[in-house]
């Protein structure tokens, strides 16, 4: 599907809101409410325990994984859903670092989402014995990959600036140095075509509640390259990752392929909502999506730069170096975002000074972009420190 | 509430089914469908990202934790929801073992649910350095607690037999030997009054989709005794367990109290269903629940023993030594359970030979018990090996 005027009516968006925060929480696909209601009433309510087989609940994490695989350029059978992104990052890291015994450095960058850094710090403490997380500036990643590095842990798109790393270049450099590459696709999956297999990524993970629109707390996913699937040890070795969960074997034996990365009982209501969202995604041409996303983002950047000289672009202009968001800096960014939200333009503020706006062709139109620019321009022109938002901000600081 | 004829109408149970499997997946509280629909349409759909604050999503894991705390005898502020039971077991174990440096043995028993054993095996491999899981028979646990044991990891009620451990005795013995006690309440929470604080438990965890009726894949919970909360290091150190998640600090600093055991973004749709289930639980007198549960279980055991001499009771007769289920052994247990399910009596089979039946006063009546006994008696009397269930079974073996 390349005509995005056909997808917008599939979402429930409140009247009078220009929603540029789908990179934080995607909006509600209209079909999700009925899909979840069916799971609750017809499956849970009527089939009870038998729904695990009769309604196909048990296989849902793999079936959804195969559908997400297409969006991120992964091989069939290499993606499975479950848990949260932080847990999936931990699993990927723990497996990868153990496949590279003798090396003790996890390399990441300061543009990574903090939870990834925290999970790596936690893993290093549990491993003890000199394991460390090394954090460099985003532009220093390539140069910092040396033969001490066991694994790189990079989030492709910076959650604040929208800056996009070169997945192929970093993965190649990691491999050349004997390291493994773990990718976090939080701001990539559903934002543009990702090519995990073509880039040779070793592990990847992502969340579904941003661009993929699965709803608050929707399950995460993990990718394990087929060449690693049968030797990656799951550190979080739960029963649904066992070779035969219902044999109730006292000893863990990892399951086949990526299935071993399953841990506990999957959240079926959240997966039902994701299933509804995927019915839209199954029909989306990712290249058309990317072209439209870039056009929307370019238009927004040009409009804001023309109308709001006090805002400084934080996102790279180069198309290959950005995701599907545009960010601007301003010292009073928090108060400006509050004023925007009060006027119906919903974006996000990220400390210390970032205003970020996500662009999602499935439901964001050229008219939305122009409307957001006009409202932002008016707010910036009327910037008066006696507005309640600014007063509130001044009290806080 | 002690009159359980008032609670049964609050559940959606299919016509003609006697559901004795609420210890595997609790049935649907009628209010859950509307509660989840409200979260989807009014909160996700209309409030979008602002629902994290406006709809109280961010605090839901703690608010639900305080309500569950009452059912398990925990102090306010000591329980938080999230993830799956396997993940919560891992967190509890990893924190506990690190608080007991120098000791390297996790002690468990062969009646534990395999996923707990698997998670412990995974943790020991990650820790390396001689850490081991020691598994003894359930009746040998007390005697096996010596000064090599860092932490006991015991599931209070055996998922197959319904045998209940003495939480106070094991916890006391663990403490006397300098060990910490981690309890898994999978078959305890909502089954009878649990007294975590009174027993001096150090850590505990449980799931909500069994007796608590939160639906398939409902979130797990973790308990950390107040005396440990500010020194337990979270091994899975996710951003929502950080002292200030929205400061986006590059370094992890654990949050206050049990909040540090949060990891990633909570599954809000599952939590909404749990919230609906808790509206029933908030009014339940746990002592009355226990009395009724024992009466139902006794009646079932007496009925089956009188009518089905070929079935051997696997559950202790002593009230203090059992949970809220009754299990019987039979070499053809699998086929018998298939025949029962075909007749509308839903229980569970657990390899190699266990038929298990859960009793949940909220929606199980004396008439259900008598009906189930009568149907089981008829099946056992008519036991003929040319029935399709038995033929199927014979093909499999």
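Glycine is no exception: its Cβ is also placed from the backbone N, Cα and C atoms.
Residues or ranges marked as pyridoxal 5'-phosphate binding site in TrEMBL: B:85, B:86, B:113, B:114, B:115, B:116, B:155, B:184, B:187, B:209, B:239, B:265. Secondary structure from DSSP puts residue B:113 (pyridoxal 5'-phosphate binding site) in coil. There are 21 other Cβ atoms within 10 Å of the Cβ belonging to residue B:113 (pyridoxal 5'-phosphate binding site).
Feature annotation from TrEMBL assigns N6-(pyridoxal phosphate)lysine to B:210. The number of other Cβ atoms within 10 Å of the Cβ belonging to residue B:210 (N6-(pyridoxal phosphate)lysine), over all protein chains shown, comes to 27.
The separation of residue B:210 (N6-(pyridoxal phosphate)lysine) from residue B:239 (pyridoxal 5'-phosphate binding site), Cα to Cα, is 29 Å. Listed binding-site residues B:85, B:115, B:187, B:239 compared with chain A at a CB cut-off under 8 A give B:85, B:115, B:239 as the close ones.
Listed in sequence order, the residues of the same chain lying 6 or more apart from residue B:187 (pyridoxal 5'-phosphate binding site) and placing their CB within less than 8 Å of its CB are B:23, B:155, B:156, B:157, B:158, B:159, B:162, B:210, B:211, B:323, B:324, B:325.
In the three-state DSSP scheme, residue B:85 (pyridoxal 5'-phosphate binding site) is classed as helix. Neighbour list (residue B:85 (pyridoxal 5'-phosphate binding site), Cβ cut-off 8 Å, at least 6 residues apart, same chain): B:115, B:184, B:186, B:205, B:206, B:207, B:220.
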